[in-house]
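S.K.: Mind looking over this structure? Questions follow.
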Amino acid sequence: MAASTRLVAIAGLLGLLVCTSNGQLSPSFYAKSCPNVEQIVLSGMADAIKKEPRMGASIIRLFFHDCFVQGCDASILLDNAPGLASEKDAVSNKNSARGFEVIDAIKAQVEKACRATVSCADILALAARDSVNLLGGSNWTVPLGRRDSTTANQTEANNLPSPFENLTSLVSKFAAKGLTAQELTVLSGAHTVGFSVCFAFRTRVWGPEPNISISFAMARRQNCPASGGDTNLAPLTTPNTNRFGNQYFKNLMVGRALLHSDQELFKGGAGPTDGMVRRYGKDGGAFARDFAAAMVRMGNIGLKTGNQGEVRLDCRKVN
């Protein structure tokens, strides 16, 4: 059996085990009610990434930011409405969270095929998986059956893990969601693709900042001045291939993380997550396997199932 085939099989088994253990989600949830939903989502993501390669990373980030605020319930997709303050306006999302139009377009196609059946939360979970895979990363079975929230929580969204935090704070925030330091490390590997705005990495490249390559800092300063240019973009991982692999971890080991929070995962041998970074930097297969498993785990945070929540007809507003 080829390595890629084994990976898909392992990831699929992980998905089955998760859904069996919690008794709430199932990979076959839409087998009868909307059998083509996964193909519709995959087709939509393939088109979106073809038009704009950066979109894959944006959708992955959208899924992270959704799951970390009142669970994986598509609350991040809701627009402002009377009595509802959108998470889109939270500090970590405003002018940076993107991909909403892509999810809207996929949702419209799903609704044509199966009206009022598939939740926006499940569409986002599938879109994140497909983004990773389309960019050359691992594949996994996504347990399905999430329901959409009827509320948002901008206050909680303002407390998402930030690029300025230290390792202790990051571990604490992940632990609060039931995720381990190992899962923090491997999920951070999503930064192998995507970009960051200058505002988020200015203090790292202008310093004083320990554990940074001087040549790397100087190169990044060219597009991120000491003042101004807050929205200028730089790739989270260099070289920027827009391929999902383990280059991110290799960069951490030589002080080339763009964000302070990323470099916190590797402190030159003394940090509690240094060993994990070394492992993933040396073994891309281990990263792919563990990333798939961690995404399934994260996708089970704060589930709404059964009669909880709703299946939105429009991902931007409650029914």
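Heads up, the Cβ atoms here are built off N, Cα and C, so glycines get one too.
Below are the features listed in TrEMBL for this protein:
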SIGNAL    1-23  signal peptide
SITE      Arg61  site 'Transition state stabilizer'
ACT_SITE  His65  active site, proton acceptor
BINDING   Pro161  substrate binding site
S.K.: Could you state the CA-to-CA distance between Pro161 (substrate binding site) and Arg61 (site 'Transition state stabilizer') to the nearest Å?
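M.R.: Checking the Cα atoms of Pro161 (substrate binding site) and Arg61 (site 'Transition state stabilizer') gives a distance of 12 Å.
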S.K.: Cβ-Cβ under 8 Å from the residue listed as 'active site, proton acceptor', same chain, 6 or more residues apart: which ones?
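M.R.: For the residue listed as 'active site, proton acceptor', the qualifying residues are Ile76, Glu87, Ser92, Asn93, Ala97, Ala157, Leu160.
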S.K.: Other than its own, how many Cβ atoms are within 10 Å of the Cβ belonging to Pro161 (substrate binding site)?
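M.R.: Result for Pro161 (substrate binding site): 19 other Cβ atoms within 10 Å.
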